[in-house]
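S.K.: Below you will find the structure I want to go over with you.
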Amino acid sequence: MSISVSTTAAHHGLPAHEVVLLLETDPHRGLSGDEAAERLERFGLNRLPPAATAGLLVRILRQFHHPLIYVLLAAGMITAGLKEFVDSAVIFGVVIVNAIVGFIQESKAESALEGLRSMVRTRAKVVRDGRERIVASDELVPGDLVVLEAGDKVPADLRLVRESELFVNESALTGESAPVSKDEVVLPETTPVADRRNIAYSGTLVTAGDGAGIVVATGAETELGEIHRLVGAAEIVQTPLTAKLAWFSKILTIAILGLAAVTFGVGLLRSQDAVETFTAAIALAVGAIPEGLPAAVTITLAIGMARMATRRAVIRRLPAVETLGSTTVICADKTGTLTENEMTVQSIWTPHGLIQVTGTGYAPTGALCDANGAPADVDANAALRWSLLAGACTNDAALAHEGTQWQIVGDPTEGAMLVVAAKAGFHPEQLAATMPRVAAITFSSERQYMATLHRGESNHVVLAKGAVERMLDLCNAQMGADGALQPLNRAKVLSAAAMLTSRGLRVLATAVRADADPSDDFDEASLPGSLTLTGLQAMSDPPRAAAASAVAACHSAGIGVKMITGDHAGTATAVATEVGLLDGDGATTPGSILTGTDLTALSAEECPDAVDRASVFARVSPEQKLRLVQALQSKGHVVAMTGDGVNDAPALRQASIGVAMGRGGTEVAKDAADMVLTDDDFATIEAAVEEGRAVFDNLTKFIAWTLPTNIGEGLVILAAIAFGAALPILPTQILWINMTTAVALGLMLAFEPKEAGIMTRPPRDPGQPLLTRRLVTRILLVSTLLVASAWWLFEWELGNGAGLDEARTTALNLFVVVEAFYLFSCRSLTRSAWRIGVFSNRWIILGVTAQAIAQFCITYLPAMNMVFGTAPIGADVWIRIVAVAAVVTIVVALDKLRHAAAPAMSLSSP
Ligand code: ATP
């Protein structure tokens, strides 16, 4: 068998049946399972090859492409030229170690990102052996018959064989975001890619309509694969924070180089030895630049992403990690996010009376009982019978029995109606045989109803179900128990619906027209006023177990939560009250509940305030979500918005954090989102916000920890040159401190657990500068203490008979010990080291131990003494070092205490 899988085999120029022949498949039954498995072997997975990553050498060389490294390389070469070979070797050693660490981190971060991407897998609907099934899209093979509907991502290049008003967004391919219409006509062979209307390309998104097509190319053979090959390596994403930091590092480097030049100049003016002054200037430069910062940012963000993933929030765009920490409002869908989306019909109201339904879950076991608890006679109640039939027939869901469990394939609302019909003895297969469906008007959130046309014994039957208000528009009568038509009592229907919705039940009305003529029109325009209302089906959808506590956590974190739903205001109010969005009697607080109609009536000026005030938005259409996000953003909010449908995409894109549902969401929504919830649960958003705050905290902690060392080191050198004194620390020693402490001490802060009370403080202002005033003050305080104590101890040792090498070793060890002590202080932004528990982050203990070993080596190993110009020191010196470090630590602790005494103070608030 020879199968043409090349996109060059102009499938668009062939009629569909020839493509079917060419690919040896069946336009209705698709491939057989065996054939598909065999083709999978032959053609491989339908996956793009990993982005062509730069070669090993290039990736290693890239580690040296940094202004700081240039400075170091120049310094290394000049010192070598000056025959200071040991210094030169140390500098080159540091450069190489730095490159290795950078290389390892980059590779790790890349593979972590790759892993996260694969957590959100695309699924595809495919027909095999004549049955529609859902498979992972990477299992598709050429010849597969794929079914498309609105919301899907096209999983491979398809030659369409049928379609109905199919529109596809091809921006992934062409950059053009307006959806293009597709059809199955044969096109001239010369038609350019962008105009091939009969091909649906892999990676594009179906925005409306439906269709089916034969897979003509998979994986790298697709048009997307071609583009992928051309574009090559994946782009590296910058977040607002990394951009800020990159800018900060650049400015810092320039400032430090300037300062180094000044130092050199001052030294020369004081006619000091040029070589010595030059090495000192270099020491200042390498000491003052915070080398560890970029690595710490990457690692902290990566750890944050990994932590979020374990809590079932997958980040699709890196900036979301930090934006999450600033979120001030979360707008969440009701159904499925705040509630379980497990519907069970509990009552059916008919004009004749209320029927209760027993049984829970999707098992079709239970009974329908009348007000007296006696089994309801479905044959004696025509309205009830037609209501059940409408529920079961205007339905695209299916009931499946897997193992001991009953499950729903499709929409849970429809599933619930299938279950209640089955409880009364109406089964879908039977109904399909006795009342075959002829046509359907499908459900959409805008339309709010679904209607189907069926062939009856002598005439056609129209059945419909949907939102009560919409259905009342379609009806002109109601049905009595005997089947006779009665005048429609709108008020009574609405009050019955209000009674049911006030209990938090989701209410759908059902209607019928049993005597339609086969020649009658069946479309949206012909329905209004033509149907007979048969009943109201009320279903429960319990709030998610963790919803109420997650809402409470958000509230105490100063984050507003708003429920957005297409459902009735009554149901929304009841559920909102249950999860704590409205207190006790929410309906009485004016403005706390807005409906879609209210929103439309609001003027552009009134809208932001009204939206900001309200907690529940009911009967809202997806288009209105965009307006909601914009209104909230105009009030300065950082908005997280959930969504699952195609029409939610604009709002998801507009939101500061677009959140898509991993289970129930369409591919279009996932594509537009910054974050995907793998469990669709509201509590997961709250967890992600918490992690986002922790990420920012840990970055702040690292900056607060690293800068004083850098500034201190720079100042020590500057002072020594200015006063014409001997250098208390040598350049190579400074490099030693920076490299070892950044890895062994500073990076451990990235593993710091979340602060207690992280969700009881207000959100971080996104406009706030990286270095707040408080942060700057503390950094300056620690830097000054560091310089003063190191200088003092150095001079004291010299004055008390120590050699220069010993005194320098003392100063070097003092720097490291102060840094280690200060590390414990930096573990919390507000609380003292004792309060958080000295041993509560075992990484820190590990790091401090490693650093201690390193310090003993540099102090006592003769080889290292020679390289670094150090000398062994006595136990009494260590006691002095620890004592001085302790004093410094106490002063810092007192400063922290002073700030902590003031309410709501943290390093990250100005
Ligand atoms: P949320 O926006 O929180 O997900 P929702 O599911 O109620 O809530 P929509 O799906 O937009 O929002 O539904 C709007 C209304 O349309 C529902 O309140 C219901 O009355 C009606 N409806 C929902 N699903 C169907 C369906 N499958 N067939 C007919 N009508 C439906």
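Including glycine, each Cβ sits where the backbone N, Cα and C put it.
Unlike curated records, TrEMBL annotations are generated automatically.
Look at TrEMBL and you will find 10-84 tagged as domain 'Cation-transporting P-type ATPase N-terminal'. If you look up TrEMBL, you'll see 64-82, 88-104, 251-269, 281-306, 702-727, 733-751, 775-794, 806-824, 844-865, 877-894 marked as transmembrane segment.
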S.K.: Are there three or more C-beta pairs under 8 angstroms joining the transmembrane segment (281-306) and the transmembrane segment (64-82), sequence spacing 6 or more?
M.R.: yes
S.K.: Which residue counts does DSSP yield for the domain 'Cation-transporting P-type ATPase N-terminal' (10-84) in the helix, strand and coil classes, in that order?
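M.R.: Per DSSP, the residues of the domain 'Cation-transporting P-type ATPase N-terminal' (10-84) fall into 43 helix, 1 strand, 31 coil.
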S.K.: Using a Cβ cut-off under 8 Å, which residues of the same chain at least 6 positions beyond either end of the transmembrane segment (877-894) come close to it?
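M.R.: Non-local partners: 778, 781-782, 785-786, 789, 792-793, 796-797, 802, 806, 810, 813-814, 817-818, 821-822, 825, 832-833.
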S.K.: Can you tell me which recorded stretch out of 88-104, 281-306, 733-751, 775-794, 844-865 has the most Cβ pairs within less than 8 Å of the transmembrane segment (251-269)?
M.R.: 281-306
S.K.: Considering only the recorded stretches 88-104, 281-306, 702-727, state which has the highest number of Cβ pairs under 8 Å to the transmembrane segment (806-824).
M.R.: 702-727
S.K.: Which residues, given as numbers and ranges, are at least 6 beyond the ends of the transmembrane segment (733-751) yet have a Cβ under 8 Å from it?
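M.R.: Same-chain contacts beyond the flanks: 90-91, 94, 97-98, 101, 283, 286-287, 291-292, 295-296, 299-300, 303, 698, 701-702, 705-706, 709-710, 713, 717, 808, 812, 815-816, 819-820, 823, 826-827, 841, 843-844, 846-848, 850-851, 854, 858, 868-870.
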S.K.: Take every residue in the domain 'Cation-transporting P-type ATPase N-terminal' (10-84), average their pLDDT values, and give the whole-number result.
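M.R.: Across the residues of the domain 'Cation-transporting P-type ATPase N-terminal' (10-84) the model's pLDDT averages 82 on the 0 to 100 scale.
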